[in-house]
Amino acid sequence: MDSSSNLNPLREDISDEEPAPASVFATRPLRPPSTSSSEKYSPVEWTSYFDKEDDVSIPGSNDVFHVYMAGTEGPLVFCLHGGGFSGLSFSIVASKIKEKARVVAMDLRGHGKSVSEDELDLSLETMSSDVVAVIKELCGDSPPAIVLVGHSMGGSVAVQVAANKTLPSLAGLVVVDVVEGTAVASLIHMQKILSNRMQHFPSIQKAIEYSVRGGSLRNIDSARVSIPTTLKYDDSKHCYTYRTRLEQTEQYWKGWYEGLSEKFLSSPVPKLLLLAGTDRLDRTLTIGQMQGKFQMIVVKHTGHAIQEDVPEEFANLVVNFISRNRIGPHGVEMPGTWKPSQPKT
């Protein structure tokens, strides 16, 4: 199965798009031409942000996980996306971090260009095992210091990996906009939210436009690169639909979030919790914050996908977290022994 075939009709969609009607003001002198919707929401390739992509085959299985990589030195920032997203959710972030650290963003099971024997097994244990297996294949027996960054569902996976203590070189944990209390409470609404989404799109451009106008993403530049791999082309219906069948994975949802706060607090590495302004800490996290067990930052003027909506600020927060905790390529360094490389000017 060639998962890249999901995007094969892409060029046809762009070339067949009807041009926008001319503006009634078009005859006025010096007025710039209006940008058509087709151009404004046209897809952008991952190569604009990452350095390379790869398929990671897991020994003893038919599972092949797709990863995007950027940067060549420093600790490894390993990014895990939320449910229904893909590794390209961290595209702009990777382009900002890669001068100071290595970045790998993985398409989790059932998402993006990854292919697995059971696409619907989104259990926390399975996904966390996938992550460890991919890191082992990429890094061998001597992995660099690793900072796990997980958004939403991916945050739960990152916390589980940390709790399992299966990554000896784990040096930091960044969890993005997921709190046990509010997440568990929202699960009763999740099927309705999924079913109320627009399900079919005549083109990738229309899906990008829907994501931005509908408010799920607030940054057009990020949506243009991240949305295409969250879709697949349905030959029978002659349209695009969602790549990930989240509505069929409900049996695993509660497991993503139950016990999340305790597991997060017990992780024996520096921890950062990034929240969009609307979330609230549950009692366990409130006590943990008062005891100074983790750093918390509320990022304003953003939606749920903080890494996509404000990627520059997000990248700075991650780099500052690495620097503050003196995380070098081989773990926590003594002051002065390693400094992140400076961005190229």
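Each Cβ is built from the backbone N, Cα and C atoms, and glycine gets one as well.
Curation does not apply to TrEMBL; its annotations are automatic.
Per TrEMBL, the feature active site maps to S152 (among others). Around the Cβ of S152 (active site), a 10 Å sphere holds 24 further Cβ atoms from the protein chains shown.
Its Cβ placed at the centre, D177 (active site) has 23 other Cβ atoms within 10 Å. The active site annotation in TrEMBL covers D177 (among others).
Around the Cβ of H304 (active site), the number of neighbouring Cβ atoms within 10 Å comes to 20. TrEMBL lists H304 (among others) with the feature active site.
The compositional bias 'Low complexity' annotation in TrEMBL covers 27-38.
Residues or ranges marked as domain 'AB hydrolase-1' in TrEMBL: 77-316.
What TrEMBL lists as region 'Disordered' is 1-41.
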Tell me the Cα distance separating H304 (active site) from D177 (active site), rounded to the nearest angstrom.
6
Measuring Cα to Cα, how many angstrom lie between S152 (active site) and H304 (active site)?
8
